[in-house]
Amino acid sequence: MGMSTLKLLKYVLFFFNLLFWFCGCCILGFGTYLLIHNNLGVLFHKLPFLTLGNVLIIVGTIIMVVAFLGCMGSIKENKCLLMSFFVLLLIILLAEVTLAILLFLYEQKLHNYMADGLTESIQRYYSDNSTRAAWDSIQTFLHCCGVNGTNDWIRGPPASCPQGQQIQGCYTKAQLWFHSNFLYIGIITICVCVIQVLGMSFALTLNCQIDKTSQALGL
């Protein structure tokens, strides 16, 4: 009975982490694509590396490393790797909770930073090709113009701005896009946390089962 339970837990955790690893590969690939084709970091001159592409690359790499530890620890029944997997997942979960709290506490400062960064980047539109490409991409995707409207463009709105009288600024449009997709973002976040908790539970259970099996066999 003990051996059957051990094998079941081992393969469940292995395939769980294998799926987790493939998700990390997809996130890493998507982040690399965004980094190459959509470099929006140039709009925030003070923190040019804080872009969605870079964040996804870091997250994807971490997921792949953690999932690899989980796969190897489960298939080889290695308690050290299993506990390393558990500890890393716990650290990531605590970091996510901390980040969520910080974003809530400093929400207004973050809004101000983003608005100031976008306003400053408009001044580099005609002198920097990367900034121009980033702004054209945003205005085309969100159907917006400038930070707060067409008046932000001193030389007149560029060709990427949509035509019309009631054109909203990109900052307002970005906020509306986020709020309209908040439910989906929340569901994805909750699912990720549940997957992490399940992974930690499987790792601890398998670790305990390895101990029980070893004791039963007199090892």
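Placement of Cβ uses the backbone N, Cα and C atoms for every residue, glycine included.
According to TrEMBL:
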DISULFID  Cys144-Cys170  disulfide bond
DISULFID  Cys145-Cys161  disulfide bond
TRANSMEM  12-36  transmembrane segment
TRANSMEM  48-69  transmembrane segment
TRANSMEM  81-106  transmembrane segment
TRANSMEM  182-206  transmembrane segment
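Proximity of Cys170 (disulfide bond) to non-local residues of its own chain (separation of 6 or more, Cβ distance below 8 Å) is seen for Leu118, Ile138, Gln139, Leu142, Cys144, Cys145, Gly146, Val147, given in sequence order. For Cys161 (disulfide bond), the same-chain residues 6+ apart in sequence whose C-beta sits under 8 angstroms from its C-beta are Gln139, Cys144, Cys145, Gly146, Thr150, Trp153, Ile167.
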